[in-house]
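Under the heading domain 'Phosphoribosyl-AMP cyclohydrolase', TrEMBL lists A:33-107. What TrEMBL records for A:Asp80, A:Asp82, A:Asp84 is Mg(2+) binding site. Look at TrEMBL and you will find A:Cys81, A:Cys98, A:Cys105 tagged as Zn(2+) binding site.
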2 protein chains.
Amino acid sequence: MSTNDAWLEAIAWGPDGLIPAIAQEHGTGSVLMLAWMNREALRLTRETGYAVYWSRSRARLWHKGEASGHRQRVHAIRLDCDGDVILLEVEQQGGIACHTGRHDCFYRELDTTGDWVEIAPVLKDPAAIYGSI
Amino acid sequence: MSTNDAWLEAIAWGPDGLIPAIAQEHGTGSVLMLAWMNREALRLTRETGYAVYWSRSRARLWHKGEASGHRQRVHAIRLDCDGDVILLEVEQQGGIACHTGRHDCFYRELDTTGDWVEIAPVLKDPAAIYGSI
């Protein structure tokens with residue numbers, strides 16, 4: 001990969017230096033998750049070919065799948081009209097993007113009575129994914 | 001619709017009272033755009049059945065399509081594992097979500113040389129969508 005970072009200048013980083021990044025599954029089109037990126041996370045995503053985010057809760061770079069093995073191989077990096085949202089097209093390794101052990105993070109849907117109902121199964125016990133202590 | 005707003009209590013609003021909302025096209029699965037919602041925007045989205053966002057630049061509620069006619073009829077409202085991202089499944093009226101006149105906002109893609117290239121056409125001149133003054 002080039003060491004020329006000119007492409008990063010097109011990004012309108014937020015006041016906290018972050019922008020939201022949506023991961024969409026290659027092939028199925030499923031929206032898997034939304035996480036955050038800083039400049040270094042986006043640069044590393046391109047360089048490594050795997051999604052790297054900025055974990056706001058841990059305040060550090062987060063190589064997605066570093067603990068779970070559920071890495072996201074990047075097929076495409078897209079940018080929106082305002083330059084402040086990234087859309088990744090990814091291959092989700094292991095078929096599980098969510099830390100709850102589900103395929104994707106959007107497993108709650110509002111029903112007509114105003115209740116959030118779970119619409120997707122847990123595919124793997126999180127304790128088995130991350131190990132229990 | 002019920003006046004019971006208990007379902008809104010599940011949302012982990014950000015410090016600014018907002019959360020990101022992704023609009024995904026019903027049928028095609030295309031990610032159309034990402035915008036922001038406050039509590040009132042989300043409540044109105046459910047009540048009206050059409051996407052309502054909070055415009056950060058204009059600091060007011062934004063009934064998507066109010067100027068363009070390109071409204072988004074909501075098929076489903078989903079919430080992510082952390083309760084801080086909304087995913088809307090919508091029917092995009094007019095087939096144009098982006099203010100640039102394109103189908104969706106993610107029309108720039110990073111190529112192998114590190115350039116952002118436009119991968120989607122303008123379907124309608126924005127001047128014709130919004131009127132020129």
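Heads up, residue numbers simply count up from 1 along the chain you see.
Placed from the backbone N, Cα and C atoms, the Cβ positions cover glycine too.
Please treat TrEMBL annotations as automatic predictions, because they have not gone through curation.
Contacts of A:Asp84 (Mg(2+) binding site) defined by a Cβ separation under 8 A and a same-chain sequence distance of 6+ are given as A:Ile11, A:Ala12, A:Trp13, A:Gly14, A:Ile19, A:Pro20, in order along the sequence. Residue counts of the domain 'Phosphoribosyl-AMP cyclohydrolase' (A:33-107) by helix, strand and coil are 13 helix, 29 strand, 33 coil (DSSP-based).
Just so you know, of the binding-site residues A:Asp80, A:Asp82, the Cβ with the fewest other Cβ atoms around it within 10 Å is the one at A:Asp82. Confidence across the domain 'Phosphoribosyl-AMP cyclohydrolase' (A:33-107), taken as the mean pLDDT and rounded to a whole number, stands at 98.
A:Cys98 (Zn(2+) binding site) counts 23 other C-beta atoms within 10 Å of its own C-beta, drawing on all protein chains shown.
Of the listed binding-site residues, namely A:Cys81, A:Cys105, the sparsest CB environment within 10 A is found at A:Cys81.
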